[in-house]
């Protein structure tokens, strides 16, 4: 063994992957159970869940899913479903939150200039007058830790990242 292979804490070459947080959401026994479930669904054992795997698994349960139903299930993933993606999707379902892009796109509907921000007064008006209306106190609570710049722009891209992955450590 060469000394170059010794662990050092000075290198910061590997960026953190967005999906790495999903493994922290579950303990080792839960991850093992998810792995067993994944392997049961992955009928052809290629390391990915595809439409045929879903069909075969549902058929084994006495179901006869339509192509449209299977397509809708497959379209919930942004790409091929490997174990990490499977775990991420389950984590989002169990956490009760929408995927990051769905949340970001909901905010983007009100960002006419595609700046990644919404004026905080305008967002307050939207939140208190449309859909499931927030109270002013709830909006105040939301804004307390929200990324709002000095010009009053609510950065919904950063807010969505914080919502899904937690706040960055700051030296406040």
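In case you wondered, yes, glycine gets a Cβ from its N, Cα and C as well.
Within the list 19, 117, 129, 135, the entry that Swiss-Prot describes as phosphothreonine is 19.
Residue annotated by Swiss-Prot as phosphoserine (from the set 20, 60): 20. Residue counts for the domain 'EF-hand 3' (134-169) under DSSP, helix first, then strand, then coil, are 19 helix, 4 strand, 13 coil.
Taking the binding-site residues 42, 46, 53 in turn, the residue surrounded by the fewest other Cβ atoms inside 10 Å of its Cβ turns out to be 46. Counting every protein chain shown, the Cβ of residue 44 (Ca(2+) binding site) has 11 other Cβ atoms within 10 Å. Counting residues 6+ beyond its ends, the domain 'EF-hand 2' (98-133) has Cβ neighbours under 8 Å at 78, 92, 139, 142-143, 148-149, 152-157, 159-161, 163-164 in the same chain.
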